[in-house]
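Engineer: So TrEMBL has the following annotated:
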DOMAIN    26-109  domain 'Saposin B-type'
DISULFID  CYS30-CYS105  disulfide bond
DISULFID  CYS33-CYS98  disulfide bond
DISULFID  CYS61-CYS72  disulfide bond
BINDING   ASP159, HIS161, ASP230, HIS416  Zn(2+) 1 binding site
DISULFID  CYS174-CYS179  disulfide bond
DISULFID  CYS180-CYS202  disulfide bond
BINDING   ASP230, ASN271, HIS382, HIS414  Zn(2+) 2 binding site
DISULFID  CYS342-CYS388  disulfide bond
DISULFID  CYS539-CYS543  disulfide bond
Amino acid sequence: MDRTQHYLLFSYAATRENILKSSIGDWIQCETCKASVMALDSGMRTQVITKSLEEFGVLVCNQIETQNNTVCPGAVGEMGDIIVPVLANFLLSPDYVCSRILSMCDPVFKELDQDTFVQRVLADKPDHLKSNDFVDSLYTTLKASPAPRKTFKAAHFSDVHVDLYYTPGTDKNCNMPLCCRQENGYPRDPADQAGQWGEYNCDTSPAALTKMFEFLRDEIHPDVLFWTGDMSAHSVWENSVEEVAEVNNVVARQIQEMFGDSLQVYPLQGNHDVWPVNVQSFLEPNEIVQNLTHVWNYWLDENAIKTFSKAGYYYQYFELKSQANKKFFNDTRVLGVTTQTCNEQNWYLWEVLSDPGDELAWLEAVLKDMDAKGEKAILLGHIPTHGCLRAWGSRFQALADRYQHIIRFGLFGHSHDETFFLSRSVGAMNASKPIAFNSILAPTTTYQGKNPSFAVYEIDEETMLITNITTYFFNITQANLGDPKWEVYHNILEAYGMEDASPQSFHKFAQRVHDDEQTAMQLNMWNAKSGPDGPSESCDSNCRRGAYCGLVTSYTDVEAECNAMTGNGYSRRKDPHSFSGFTGKMQRMFMFSEDQFYEFMADPWLERA
């Protein structure tokens, strides 16, 4: 029996026998616990223990990811050197274990209750916002105003995942999670060969991406471009910090060369724009974030770059630079919010007591300043907020509610679907209302059976409200047959049968998804832009309820409540970035809830007592 076990057994035995009841006894119990944990900490930090944990992780991974034996060692190896130190530094630290988990020492940490934060933020909510229909009322006013109104065109792309190693003629049906590279070989059968423009088992080909930028420049002529992250390929088991940085550099240079000073770009990082994938520390500067400050200073001003360099978020006053429409808006800001601060797979969040990167404190201060000045905001994010950890998500929902008159709409990506979610006012599902529309953009990547796409929004200059949305796509099958072209896929208002882009109109469409199986199945086809991932044979009441709850909520607890209202066991489709459903399979293997595990490790928020 090692020293750690002796310490713990002594402490527990003494407690059971009521030996340690004096202040001296309490001190002995506490110090014994701390000594035990320190010994455990020392053991975890050794290369032997770290290596053993990684070998166990690879063993488990190989039982799940059976396609190729090079994937698991790379993926687990990348994460092992992060997870073990983070565990040792905080979650397995003497103070945390002995005071919070085992209660053998006086409290060291005080929980920061999220309801207290929410109540404080909403305490001064103005009377004119309490009906929670501010944006809907603006749309009513807009509809009654005389036409024509001054508008501009905003293009939006996300989740490009361009593969700089994509090689036509290579194996498109390989035994890896990602194919179409030289390492996959060159099959003789033409049916197995990667086409010139892309394949559905692969990430975006550089040729298809270049074709998109040419189409934007020559046919769309956008006034502004929104770029919401995830540029690197899905080869997460073997990529590097240099590769992730270079992909962003390559794409940024291409946009600069093709559009020059005629196009203002507002970029934002995604969970694939850090290395390893998903993980980003907020206690020290991040190498790729620092690289992006040099890449994006072509478009972002000095103040935005300075703020962004700290943690990955920023604001900048909105501006149009196109030849057809040049204008500076001194009453409108773009708010770029990094969702790495709420990403449940960001292991570095385990080492942060509360508010990673001080982002929510920053956001609240900015929104207060904008409120005082009567300004408006366009919100950019990557991970939709109902995919965020609860402690962050509940606080963000409160800010979105309190400042619903400022945030006119949000643009997101990540899920690889053409869909949306509605920000709701704070409260139970039946007592809250939709207050803002947030677009979740279908990806530019072909990965997992999608046809590449992007969207163009027509936006009213005065109100900063979306008045129309058109989706464009690139049919990969057609392109590889000799007809490569980007073209209109559909107008969303027409396809969804809506009269405007108000939160209430999108809510009515979501209700049709809930009530009508054909509408729900059609939505899935739209998600994939008629790619092979789109067709579905059915969507029963559970399927439709799950889809509905994902559309009409912005906070994970409210989404769960929505599903529970009918006893629906449906859960949202898992992150497409988790290769072959790795985390879901691991969850079933060990019989624990993946969400519960992440929440336990990263929440609640604490401060030292």
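Glycine residues also receive a Cβ, built from the backbone N, Cα and C atoms like all the rest.
Curation plays no part in TrEMBL annotations; they are all automatic predictions.
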Engineer: Binding-site residues ASP159, HIS161, ASP230, HIS382, HIS414, HIS416: which have a Cα within 10 Å of CYS33 (disulfide bond)?
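Structural biologist: Those close enough: none at all.
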Engineer: Listed recorded positions are CYS98, CYS174, HIS416, CYS543; which of them have CA atoms within 10 A of the CA of CYS180 (disulfide bond)?
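Structural biologist: Checking Cα-Cα distances against CYS180 (disulfide bond), the recorded positions within 10 Å turn out to be CYS174.
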Engineer: In sequence order, which same-chain residues at least six apart have a C-beta under 8 angstroms from CYS30 (disulfide bond)?
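Structural biologist: The list for CYS30 (disulfide bond) reads CYS98, MET104, CYS105, ASP106, given in order along the sequence.
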Engineer: Distance check, please: Cα of CYS539 (disulfide bond) against Cα of HIS414 (Zn(2+) 2 binding site), rounded to an integer number of angstrom.
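Structural biologist: Checking the Cα atoms of CYS539 (disulfide bond) and HIS414 (Zn(2+) 2 binding site) gives a distance of 23 Å.
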Engineer: Return the count of C-beta atoms lying within 10 angstroms of the C-beta of ASP230 (Zn(2+) 1 binding site), excluding that atom itself.
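Structural biologist: By my count, 28.
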Engineer: Quick one: pull the CA-CA distance for HIS414 (Zn(2+) 2 binding site) versus CYS174 (disulfide bond), whole Å only.
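Structural biologist: Cα-Cα, rounded: 25 Å.
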Engineer: For ASP159 (Zn(2+) 1 binding site), which of the listed recorded positions (CYS174, CYS179, CYS342, HIS382, CYS388, CYS543) have their CA atom within 10 A of its CA?
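Structural biologist: Checking each Cα against ASP159 (Zn(2+) 1 binding site), the hits are HIS382.
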Engineer: Quick check: of the recorded positions listed here (ASN271, CYS342, CYS388, CYS543), which one has the Cα closest to that of HIS161 (Zn(2+) 1 binding site)?
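Structural biologist: Result: the closest of the recorded positions to HIS161 (Zn(2+) 1 binding site) is ASN271.
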Engineer: C-alpha of CYS202 (disulfide bond) to C-alpha of CYS342 (disulfide bond): distance in Å?
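Structural biologist: That comes out at 28 Å between the alpha carbons.
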Engineer: If you count the C-beta atoms lying within 10 Å of each candidate's C-beta, which of the disulfide-bonded residues CYS105, CYS342, CYS388 ends up with the smallest number?
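Structural biologist: Ranked by other Cβ atoms within 10 Å, the disulfide-bonded residues CYS105, CYS342, CYS388 bottom out at CYS105.
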Engineer: Roughly how many angstrom lie between the C-alpha atoms of CYS388 (disulfide bond) and CYS174 (disulfide bond)?
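Structural biologist: Computed Cα spacing between CYS388 (disulfide bond) and CYS174 (disulfide bond) is 33 Å.
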Engineer: Round to a whole number and give the Cα-to-Cα distance in Å for the pair CYS174 (disulfide bond) and ASP230 (Zn(2+) 1 binding site).
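Structural biologist: Between the Cα atoms of CYS174 (disulfide bond) and ASP230 (Zn(2+) 1 binding site), the distance comes to 24 Å.
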Engineer: Nearest by CA distance to CYS179 (disulfide bond): which of the binding-site residues is it, out of ASN271, HIS382, HIS416?
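Structural biologist: When the Cα distances are compared, HIS416 comes out closest.
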Engineer: If you count Cβ atoms within 10 Å of the Cβ of HIS414 (Zn(2+) 2 binding site), leaving out that atom itself, what do you get?
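Structural biologist: The Cβ of HIS414 (Zn(2+) 2 binding site) has 26 Cβ neighbours within 10 Å.
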Engineer: Write down the Cα-Cα distance for ASP230 (Zn(2+) 1 binding site) and CYS543 (disulfide bond), rounded and given in Å.
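Structural biologist: CYS543 (disulfide bond) to ASP230 (Zn(2+) 1 binding site), Cα-Cα distance: 28 Å.
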Engineer: Inside 10 Å of the Cβ of ASP159 (Zn(2+) 1 binding site), count up the other Cβ atoms and send me the figure.
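Structural biologist: ASP159 (Zn(2+) 1 binding site): 27 neighbouring Cβ atoms within 10 Å.
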Engineer: Tell me the Cβ neighbour count for HIS382 (Zn(2+) 2 binding site), meaning other Cβ atoms within 10 Å of its Cβ, over all protein chains shown.
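Structural biologist: So the number of other Cβ atoms within 10 Å of HIS382 (Zn(2+) 2 binding site) is 27.
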